[in-house]
Amino acid sequence: MPLNEPSSNAFPRTVLFDLDGTLLDSAPDMLATANAMLAARGRAPITLAQLRPVISIGTFRILAVAFPELDAAAIQGLIPEFLQRYEALIGSVSKPFDGVEMMLDALECAGTVWGIVTNKPEFLARLILPLLGWTSRCAVLIGGDTLAERKPHPLPLLTAAERIGVMPTDCVYVGDDVSDIQAARAAGMPSMVALWGYRSHEDNPMTWQADTLVEQPHLLSRPDVWPST
């Protein structure tokens, strides 16, 4: 899919990223967690192909794929077990997408400040940062339970910008799900769709009204790809 026409020849002052499906390929750890729960119940495992399209949506949808026969209340009741098992496995298989480290290095060399705004529980996201060597590099981390609202509400993005000390219009938000783009638009923040992320076949990012679509992380090492801020 072609990129939208870029409108800037400079890196943004600040970049905020989604985590799962944007910076981190966390699908293997989440698959291992779901399959451990299934094995504990004598059930057959699910596949990565089944799980990938729903990872950006959240734990509830992951469990709905693993346990399709359960109603919403029963699935909700499994979430604490999933989070406990996932905490034990976190970072064991997951790694940044190819090109992410190159991109982050390029941003930092240009003086760009970057942070993470994710719907993953904050304590889990914070466990990941030291495993990747990102603790001192990430200027702000907002999780799905950090505030009273989560994406697609704009509050997490607005709070991240405030904590860094910049205006929302000085930031670009990069994510792989429609809720990421909705949050950015509501916050008045330029946005980019990470096309390498966890989209389902039914998703059409061309309809999300992002400023830019980008195919691979390494392309974000180029200043001309970024939308203007």
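Including glycine, each Cβ sits where the backbone N, Cα and C put it.
Of the listed candidates (Asp170, Asp176, Asp203), Swiss-Prot assigns Asp176 to the same Mg(2+) site as Asp18, Asp20.
Asp18 (active site, nucleophile) sits 8 Å from Asp176 (Mg(2+) binding site), counting Cα to Cα. Other than Asp18, Asp20, Asp176, the residues of this chain whose Cβ falls within 8 Å of the Cβ centroid of the Mg(2+) site are, in sequence order, Phe17, Leu19, Gly21, Thr22, Leu23, Leu24, Ile55, Ser56, Thr118, Gly175, Asp177, Asp180, Ala194, Gly197, Tyr198. For Asp176 (Mg(2+) binding site), the count of additional Cβ atoms within 10 Å of its Cβ stands at 25 [all protein chains shown].
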